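According to TrEMBL, the repeat 'WD' annotation covers 11-43, 93-132, 168-191, 192-233, 234-273, 314-346.
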């Protein structure tokens, strides 16, 4: 294991901590949102800053990047849309009465969650509020979106007015509940009860009709998003569950207990624990069989996702790493120290690919050897049976 790595580049343009880092769908740009009230646009081709978005009157809490537009939300109660080419502010979305802490862009909708206890839906192009979702008793921290077409059969849909727009919004709150809302009417479709602490993170698996929620009550819960039924409770963490990642029916959870755990979604079994963090695990990203983590101890780490072995530590940040992204075998880490650091991960990716290839080869030989062994043992079993003249199974494996 390489104990530590040096950053390829350190970007120090921001004058305050970086709260979020977003990668464009085409992978060409990165967007950082900062405590200094500005957002910056970076090219993944040359790692240079190509845009500086100024206008918010307080710190930026979260940001989202599309190919042609950037979105930021702020403690100034507003959301802004920016042109990624000119840097011009294209729209300001006003209506929230407190800090806007999360945004989500889906289709022509922009969703937002706030400390004012509401979530809202906006028309991306018309700078206009379409819907307000009111019902939480405390601030809305996290959002997810899906279409009922992904999960409901036609006969399951309830009302004619809601068949026109089948989009649903999911909100997680510090009031310990998760709510599912019809976007068209603003009506609450389900309230998911069970958590006894704030809901900090959500992850949706619409094709399997499942929603995962992580909480300060130290648990992760799985819900059927059609019926609202609680399916499983994952209980082994000893601290708040801060972040979740779902890959191939494996759920990864990062916690304030300084560990990440991997769970089999279908059985609820915990199959791996990733240790070595000296503080809370703040962010997760799975890539090519490697689990990358960011922590409050100012380090990023790379683990073999299968074995749990720590493969590399990325040192250099001074404060908590709030977000990580990966593109073209480069790791991007954004920290509360105000820097964006870029790390070359080609070496560990190559080693991991070789390891996976070797494991598959060994498994293939073991499978072939196992078949021959079973054939041999069956023959021996038959010989023993004939010798004894008895009709009992003789197992020699």
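Backbone N, Cα and C define each Cβ position, glycine as well.
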#### Entry: Long-range Cβ neighbours of the repeat 'WD' (234-273) (under 8 Å; 6 or more residues past either end)
197, 200-203, 205, 210, 212, 214-216, 218-222, 279-286, 291, 293, 295, 303, 305-308
### Query
Would you list the DSSP helix, strand and coil counts for the residues of the repeat 'WD' (234-273)?
0 helix, 23 strand, 17 coil
### Query
Residues sitting near the repeat 'WD' (314-346): Cβ under 8 Å, six or more positions beyond its termini, same chain?
4-12, 14-23, 27, 30, 32, 34-36, 42, 44, 47, 279-280, 282-285, 287, 290, 292-296, 298-302
#### Entry: Secondary structure content of the repeat 'WD' (93-132), with strand meaning DSSP E or B
0 helix, 25 strand, 15 coil
### Summary
DSSP assigns the residues of the repeat 'WD' (192-233) as 3 helix, 23 strand, 16 coil
#### Entry: Residues in the repeat 'WD' (168-191) grouped by DSSP into helix, strand and remaining coil
0 helix, 15 strand, 9 coil
